[in-house]
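First the structure, in the form of structure tokens, and then the observations on it.
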Amino acid sequence: MSSDNGRTSLYTKFYILFQIIGLTLIFYVYHWIVQYRGGFSLTEPKIIFNWHPLLMTIAFIYLFANSILHYRTFQNNTKRKLKNQHALIHGCILILIVVAGFAAFVSHQYAKPPIPHLYSLHSWLGVVTVVMFLSQLFSGFWCFLYPGAAERHREMLAPYHVFFGISIFILAVATAVLGFCEKIIFALDKQYKLLPAEGVLGNILGILCVFYCLLVVYMITKPEFKRRPKLEYETLLK
């Protein structure tokens, strides 16, 4: 029992740090946009784009990280409830990335002159990340939530579901870091090498993303933090 309490206490400390860094990252993305990029708009193409980095940070970094840690964080919930909550978080992520993608498309399409679509490495990796996320979402819904799915299919897919979940998160972080760097360089041009305040903030955002990623991967791969099945109710409904 003391071993379980120690494991729970250690996880709680990591989880608090995880939440602080995640919320700090969102705050600084918001601060960067308001302070240096003109804030937000629903009508002006150049500023409409600013919804893209904020919503993608919330969706693909913060919420996605919470979703893949959800089973470890709320271990006392039934497995069915955890599955439903996990799926609900992914549904919120889907809505946010659709809005964020639309914001980027509109801002490029109606800019004067128009900006080409999907030409950068950031955008290519973004497309790959979204496609992988959608594949993960639909395969997970079919295998883990659809009542008719055979148990053998769930057992076979589970390790791949975990692997691709972690892979998508790492890819999302890499894409975000490239996106921050790309936006800062385009905005500051030759001033970037002089390390102005916005350039420093952009670099800090990238470092926060990387540290957050390392923390999440550690928490999700540490065997001691893995959820332990509750035998008294796990067999009722998986």
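Backbone N, Cα and C define each Cβ position, glycine as well.
Sequence-distant neighbours of the transmembrane segment (12-33) (same chain, 6+ residues past either end, Cβ-Cβ under 8 Å): 39-40, 50, 53-54, 57-58, 61-62, 65-66, 69, 73, 198, 201-202, 204-205, 208-209, 211-212, 215-216, 218-219, 225. If you look up TrEMBL, you'll see 12-33 (among others) marked as transmembrane segment.
If you look up TrEMBL, you'll see 17-221 marked as domain 'Cytochrome b561'.
Outside the transmembrane segment (53-71), and at least 6 residues removed from its termini, the chain residues within Cβ reach (under 8 Å) are 15, 18, 22-23, 25-26, 29-30, 33, 40, 82, 85-86, 89-90, 92-93, 96-97, 99-100, 103, 129, 133, 165-166, 168-169, 172-173, 175-176, 179-180, 183, 209, 212, 216, 219-220, 227. Sequence annotations record features per position, and here TrEMBL assigns transmembrane segment to 53-71 (among others).
According to TrEMBL, the transmembrane segment annotation covers 92-111 (among others). Away from its own ends, the transmembrane segment (92-111) comes close to residues 45-52, 54-56, 58-60, 63-64, 67, 117, 130, 133-134, 137 of its chain (Cβ-Cβ under 8 Å, at least six residues beyond either end).
Summarising the annotation, TrEMBL assigns transmembrane segment to 123-145 (among others). For the transmembrane segment (123-145), the list of distant contacts is 60, 83-84, 87, 90, 93-94, 97, 101, 117, 153-154, 157, 161, 164-165, 167-168, 171-172, 174-175, 178-179: same-chain residues at least six beyond its ends, Cβ to Cβ under 8 Å.
The transmembrane segment feature in TrEMBL is assigned to 157-180 (among others).
Outside the transmembrane segment (200-220), and at least 6 residues removed from its termini, the chain residues within Cβ reach (under 8 Å) are 11, 14-15, 17-18, 21-22, 24-25, 28-29, 31-32, 36, 61, 65, 68-69, 72, 162, 166, 169-170, 173, 176-177, 180-181, 183-184. The transmembrane segment feature in TrEMBL is assigned to 200-220 (among others).
Sequence-distant neighbours of the transmembrane segment (157-180) (same chain, 6+ residues past either end, Cβ-Cβ under 8 Å): 53, 56-57, 60-61, 64-65, 68, 120-122, 125-126, 128-129, 132-133, 135-136, 139-140, 143-144, 202, 205-206, 209-210, 212-213, 216-217, 220-221.
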